[in-house]
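Below is one structure, written out as structure tokens; comments come after it.
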């Protein structure tokens, strides 16, 4: 009864109006699962391959009909007949079917769509919530959210080099209260920007994209918004950032070019000094991709300098890849990994990366992409793995809010068992 009988993929649109893939899996019993695949704007050099058509006459070359065909004509034939509950075997079968190290033949987007749909169909068959199916019945930790309320870099057309300026409501007692705090700060920020004649239009992830005088001004205006909302910076709400430094690193010169803000060129050592100054001045608890993904020597220096007091998250650095993460752990580089399901391409590999991180004392931050859908699977993954942190955008745009609303439902379902750890989510820091 739990045998897969049909697999069907179609081309849909993501939150940026670009094509992506949606997959449906059906079983003998009538159980059903659907998975939608996100897409990134700033992508790591070593990410699994997102298969696009390249036909400029259609969606500017961004169509995914090849990936859709790969699901409907190749993957479907291979996995029909499998028990939908055998997630690992199905994921491994798709990896073998692709046969490349980066899923470049079938496409990570094709494979991931199936992987998510299979998990959802299995949960439907067993009549349990997805987070319980994926994580068992010890799932209880609601993640502390990183809320991206000012967008810059590749996510916005403005004068800010850093890609994301985020708040984390660590002082909240529950996820529900954390969400309220975040929303109140978001609206306070809107009022401040409007009063200064600055834009309150939003970027890809729902945050504001104002033209500020410097990168540092992003932190200053957020501190002001936290206080305006009635909270204490550093106690109730802390700051986090995603520099996405690979996006402004000049490989030929070997320097970081802060061109959007006009702050000029900086060496690796100067960037590290810059982060030290920011951390001493503002309640910043997390820095993501502070240096270029290939600047491992620089990352080692950064970790030695700030690793005890600041969460140093590897996104482009690790690309949710256990080989990359294992190398980083061995060399003492960073102390956290960003988890993006489409960087690696299956749920099995995603869970392996989270487990490896935790065993090494690294935190795992489950993350969305800038091109999202209404699919809220990452909310269930965050709870299923007791990851403790999630990054899923600002307090606007339904594609972001869908994840937060799912977490509200999960917290309600868990009832008294639910835990919101706030500052204790940073078990990788001595100060926390």
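Quick reminder: no glycine exception, Cβ is built from N, Cα and C everywhere.
Keep in mind it's a predicted model, so treat the numbers as computed, not measured.
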Query = Per Swiss-Prot, which one of 140, 340, 421 shares the (2R)-2-phosphoglycerate site with 163, 369, 370, 391?
reply = 340
Task = Would you identify which residue of 270, 276, 288, 349 Swiss-Prot lists as part of the Mg(2+) site it also attributes to 242, 315?
result = 288
Ask   = Reported as an integer number of Å, what is the Cα distance between residue 370 ((2R)-2-phosphoglycerate binding site) and residue 205 (active site, proton donor)?
value = 6
Inquiry  = Among all protein chains shown, how many Cβ atoms are found within 10 Å of the Cβ of residue 391 ((2R)-2-phosphoglycerate binding site), not counting that one?
reply    = 29
Message = Measuring Cα to Cα, how many Å separate residue 205 (active site, proton donor) from residue 391 ((2R)-2-phosphoglycerate binding site)?
response = 10
Query = C-alpha of residue 340 (active site, proton acceptor) to C-alpha of residue 369 ((2R)-2-phosphoglycerate binding site): distance in Å?
reply = 7
Note = Closest by Cα to residue 242 (Mg(2+) binding site), out of the binding-site residues 163, 369, 391, is 163
